Every structure is written in C-alpha cells, then in structure tokens.
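Annotated compositional bias 'Low complexity' per TrEMBL: 23-33, in sequence order. Summarising the annotation, TrEMBL assigns domain 'N-acetyltransferase' to 175-259. Here TrEMBL flags 1-49, 74-94 as region 'Disordered'.
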Amino acid sequence: MLSGATIPPSSFYCGRRRHHAHSNSNSNSNSNSIRLFPSPSPSPSPAAATRKLKLYCPPVPSFWDSIRSGFKKDNPTQVIDMPPPTLSEEEEEPPLLPREVVLLQNSLPDGTIEQIIFSSGADVDVYELQTLCDKVGWPRRPLSKVAAALKNSYLVATLHSLKKSPDSEGDGRKELIGMARATSDHAFNATIWDVLVDPNYQGQGLGKALVEQLIRALLQRDIGNITLFADGQVVDFYRNLGFQPDPEGIKGMFWYPRY
C-alpha cells in the first residue's frame, strides 16, 4: 500500500492572500513554505525544513544547465531552426493520459461498491472544490478567480469517489475527494499547485498516487523540469516521490506587494 500524507495547499486557496502554504487546518499560519523540485538527493540538514526550498524532477544530468544552456554564448549545442507546428499538427498531439484510471475499489459494509477514480480531464465544479477546500481548512477565495485558475492551468487532475449499490441502476454517487493542477510553458517547465485530498481519504496513498499520475502526464509531454511548493512538515513526503530541495544551490525567490 502506498504511504499516505497530509497534503499541503499551495498558491490558490478557495480568502485572504497568503505568503506560503499550510499543510492542513491545524498548521500554523507562520509556517515556512518550501519549493520542491523531483530527483534523488541526500538527506537535508535539520535547518532545511525551516527555509524555502525548491524541488525539481529533471530527467537531465544538470537542472541548472538545462535551463541556461540555450542562453549561453558559447553553447556548443547545435540548434536547428524548425518552423512552428501547424494547427493540424498540434491537434494530433497524443492525450496526456487515459481520461480515467481506477486506483482503488472497495466493498463497503452495506454492500456498496466504492471506486476511487483518477482523471486528467474531468471538469471540476468550483462549488465542489470549495467544499473540499473547507474540509482541509484552506481559506476561501473568490470563485471567479478559482474558476480562472482552473481554466488557465495546463493540467487539472482529480480524484473522485464513485459509490454504487450492486442492485441499483444508474451512475451512482460521485464526490470530489482530491485535486492537483499544473501550470506550464507547454515546452520545458511545469509547476504543481494545490494538491489536496479529503481528510477522510488521507493515509491511503491517494496523495502519492495523485502526484505520481500528474508527473507521468507531464513527462508524457516531454516536460522534464517540474517544481512545486510545500510546507516544511511534508518535505519528506515529496522527497519520497523524487523531489529534491535546492538542486545545485538554486533558491526559490518570491516577490509580494508591500501594502
């Protein structure tokens, strides 16, 4: 069984502007956020969990070189100038993932069959998402902004619980129990945001499965530099998924309005 963990929120919250993420409803509002990137790394010093970290999961030997190599004057790499793809070529891109994957199936005491379904293409109802945010203790944000954040994301991944009685007809009862999203330049880089799982379903490895499926979808599109932000207390959770803090000394930097 996959190990479970409390999943921290990140940039958008279903209220007030926040300077960093919280892991759950009981976390301190002054906890330090950490930016994580995926890749094996040695254990950090005790101070590592109290400062901002950047983690990534690049499939290349050097993360920083992969970023800057295209801008170096003495870059020996030969660059072939290709024409931009036509619309028909773009339309032929393969799907990110199968639309739905059943991660778990359980038989409940009353005979109801429950499936936990991962989807990379399901529509997210903002009211359902707000309810889920309330459950994990995230402050609310204007629903119009939440809808815009979802619409402008590169990929939105969801977990739904589907419960169906064996002797009933129809599609059963479907409930949103988890979500994560990624923004991207559609070529090199992506950042994972807003990973959350219903507290009633935590501890079953669903958060891990959600992030793994999201990473797989990004790698399927040849996006190798993947970053995220996390509270200090869940750094180990993301480290176990291959994320590395401060790769090659790179630091995440933040700018906030001073008012």
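In case you wondered, yes, glycine gets a Cβ from its N, Cα and C as well.
What TrEMBL says about a protein is an automatic prediction, not a curated fact.
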### Query
Mean pLDDT, the domain 'N-acetyltransferase' (175-259)?
92
### Query
Using DSSP, what's the helix, strand and coil tally for the domain 'N-acetyltransferase' (175-259)?
29 helix, 29 strand, 27 coil
